[in-house]
Amino acid sequence: MGCAPSIHVSHSGVIYCRDSEESNSPHQTTTISQGTTTLHGLFVKTDAADSIPSVLAYQSRQPPPSAGPRRKERRESGGASARSRTPHCCSVEAETQTSSSSAKASTTEVQVGPMRLTQYPIQVLLVFAKEDNQSNGFWWACDRAGYRCNVAWTPESALECFLDKHQEIIVIDHRNSKYFDAEDICRSIRATEPSEHTVILAVVPRRSADQEETSVLPLLDAGFDRQFMENSSITACYNELVQIEHGEVRSQFKLRACNAVFTALDHCQEAVEITNEDHVIQYVNPAFERMMGYCKGELIGKEPTELPKSDKNSADLLDNINTFLKKGKEWQGVYYARRKSGDSIQQHVKITPVVGQGGKIRHFVSLKRLHCTNENNKQLYKSHREDKYTGDNSQSESGSYKCKNRRKDSVDVKSITSQSSDAPSLQTRRYSSMARIHSMTIEAPITKVINIINAAQENSPITVAEALDRVLEILRTTELYSPQLGTKDEDPHTSDLVGGLMNDGLRRLSGNEYVFSKNMNLSHTHLPVPNTINDVPPCIAQLLDNEESWDFNIFELEAVTNKRPLVYLGLKVFARFGVSEFLNCSEATLRAWLQVIEANYHSSNSYHNSTHAADVLHATAFFLGKERVKGSLDHLDEVAALIAATIHDVDHPGRTNSFLCNAGSELAVLYNDTAVLESHHTALAFQLTTKDSKYNIFKNIDRNRYRTLRQAIIDMVLATEMTKHFEHVNKFVNSINKPIASEETSPHSEGSDTECTANIKNFPDNQTLIKRMMIKCADVANPCRPLELCIEWAGRISEEYFAQTDEEKRQGLPVVMPVFDRNTCSIPKSQISFIDYFITDMFDAWDAFAHLPVLMQHLANNYKHWKTLDDLKCKSLRLPPENNN
């Protein structure tokens, strides 16, 4: 470092400055100025001669030993304005220049959610009335930390410097009010807009041991953020500044970045509304104002329910939306809103809950787009475009808001899909089920719409194809999958079967109440149950050796276990899938639980008994062993599926939901005629499980895992309810089958199962669809079993329906399925109808995903068997009339 520069001051106030280094150095400078002098960036006020020594003393001080040799330059911030200042008060900017061995200030990468930000070196403003050890301590602390530091000696220069530099940290000397009022300085800075993200520190005098601690409230009221007890130690000052940087400054930096987000929202063409957890509006963007016709001031602080509503929404729409949101789930769909002018407009709305403080939902973000279906919306689109793009004809004509009828001719869906099904990649057995999906016997209107859109995408421009992708995404995730059912060829068997299974029984008779006696016993007659899976009697163990085969004979197991197959099969299957290990429960607890569940199945039922539960458990375990299913689900999903299969019909009365609703049963009243039995099965199962620690298989898992597991079990059991059968199947086809088929047939895809299942695992909603489809197929897999088992199950379910029809006649109730009269019913016809309307499409979809050639072969053979019997008018399988004795 060179010697200090030589300075000469003339009587007229002109200061001459020359470096005392080598005369021919390229860095040599001479600056002559009248009134204000620059010394290497140091502005010196020369209105009074006595102002010079204090500045020079500040400039010529040496850094402390720990700081190492430094060269500092300082200048007064603001040349012309400095002339008007009071003598003896200089505004000095100090910028530290470090040598190559010194730590250099560098930028820092900061992550705010998905946004990556760059934080530049911190700027600090020191506001002191005079130089002392404390100001020096903060000076050198800034030097050590690599901060840019400015020093102001007067309130005016402090405010001017801050408005110029927007420092992140301001340190104000609050020790002595003799020179200036620190709180007034703080208030004046806080009155400026840039101070919103600035941390202001008050340096307060050190108190003696006998002095009482003073309150910080006056400082906070004045606008200070922190106080610092007088301490001239550089390390103490350094620690304070670094803590502020990593605390308040870092937080303020992240908040400042939100300005970019709000700018994006302000220019976004989608209407955006943000509310708090109580649905009070906190923010709307200009697009929202234009769409709704309100200004911000009329909306902020109000609940959406306070605004005029459209009467075009269904009565339960808001309840459905709130149900989704309370569960933390996103909702999207079509909603009618009323503008300030009174016009109703149709919107595509997407509402997303946002988790905040305390891990709870603190905000709801709503994105709204006009749905271009009526003249009001089209006119509104047009006005928006004119407002936003006045004079830009090309953009207004081709913009995304422009509504054009792109449909030239009607589209034959089946001809389109048949063309795609002729592709060579679909000739193999693996894709034969997928090819038939496009021509389902019962097709919901939404499925036809999706097929038309898929076909339209093929020859559309990329922008249109992307827009249609978004349309498909909306269609695949909302409740649009209930089909419009009609009878096939006016077949009474089909009509009765579909009507009986798809309706909840809306026909009610006053005065006729069927009270269904619930079996709440925890055990029946004592049966020898194995202590462990290795304790199984040899005859049973030999049968169970074949339990992994689809052709496993459940009726043989029923016979050798005295109608208690569920415990034995359950122990074997649960051990194979590591259920005890997952639940952290003993095998004894699991065995006791299986006993309790099986005891609450009615052995008097011909079909819905523990043998059926064991059969569904076996089918579920078989499906879980298939490669693509296994790869798509987690261990928790597997455990949930096995438990759901075990409990899915517990305490079934042998009567349908329609019967219970028509009879006004206790359960129908309790569950409001909606999914009555399925709700009862799950509720009772959890009641039985948690009633006693001896068979509480959930007692050792943590609360969060239990809630997730419980929700999955409930969802799967409710999926077995037939009124939403086609909704579940259509969702599975459109959200699972078709995307996978597209990926497999794409020339750019390797078509590996691993890649497909990895994609499915990334979307929990897809896993839910798979679990629902799996238990549904397991529940009605009888037509896909070997022929002798299929015939036995057909006889059992028919007998249960016959018994229901007999009781409906005795009680004077509506006969839900008149075709199931034991004296006239054709079992082959009923099986054909069931397979045609419920089984074929569902198992085609499931086979396309899980690859089940054995099942599909059995299904084809069994269908052929029933058709042969029906053609021959063979009634040999009709059960004899009920013995009335």
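Keep in mind that glycine also has a Cβ here, set from the backbone N, Cα and C atoms.
Residues annotated as region 'Disordered' in TrEMBL: 55-110 (among others).
Here TrEMBL flags 91-109 as compositional bias 'Low complexity'.
Among the features that TrEMBL reports, domain 'PAS' is placed at 264-302.
According to TrEMBL, the feature region 'Disordered' maps to 376-429 (among others).
According to TrEMBL, the compositional bias 'Polar residues' annotation covers 415-429.
Marked as domain 'PDEase' by TrEMBL: 532-873. In the predicted model, the domain 'PDEase' (532-873) shows an average pLDDT of 92.
Within the same chain, residues at least six positions away from His608 (AMP binding site) with a Cβ under 8 Å of its Cβ are Tyr601, His602, Asp649, His652, Gly654, Glu800. The AMP binding site annotation in TrEMBL covers His608, Asn609, Ser610, Thr611, His612, Asp649, Asp779, Gln831.
According to TrEMBL, the feature active site, proton donor maps to His608.
Per TrEMBL, the feature Zn(2+) 1 binding site maps to His612, His648, Asp649, Asp779.
There are 24 other Cβ atoms within 10 Å of the Cβ belonging to Asp649 (AMP binding site). Annotation source TrEMBL lists Zn(2+) 2 binding site at Asp649.
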Site with most surrounding Cβ atoms, counting all protein chains shown within 10 Å, from the binding-site residues His612, His648: His648
Per-state residue totals over the domain 'PAS' (264-302) - DSSP helix, strand, coil: 15 helix, 10 strand, 14 coil
Those binding-site residues, out of Thr611, Asp779, Gln831, that come within 10 angstroms of His648 (Zn(2+) 1 binding site) at the Cα: Asp779
Least Cβ-crowded entry, counting other Cβ within 10 Å, from the binding-site residues listed as Asn609, Ser610, Thr611, Gln831: Asn609
Sorted by sequence, non-His612, His648, Asp649, Asp779 residues with Cβ within 8 Å of centre, Zn(2+) 1: His608, Ala613, Val616, Ala645, His652, Thr720
Among His608, Asn609, Ser610, Thr611, His612, Asp649, Asp779, Gln831, the record's AMP binders - longest CA distance, Å: 22
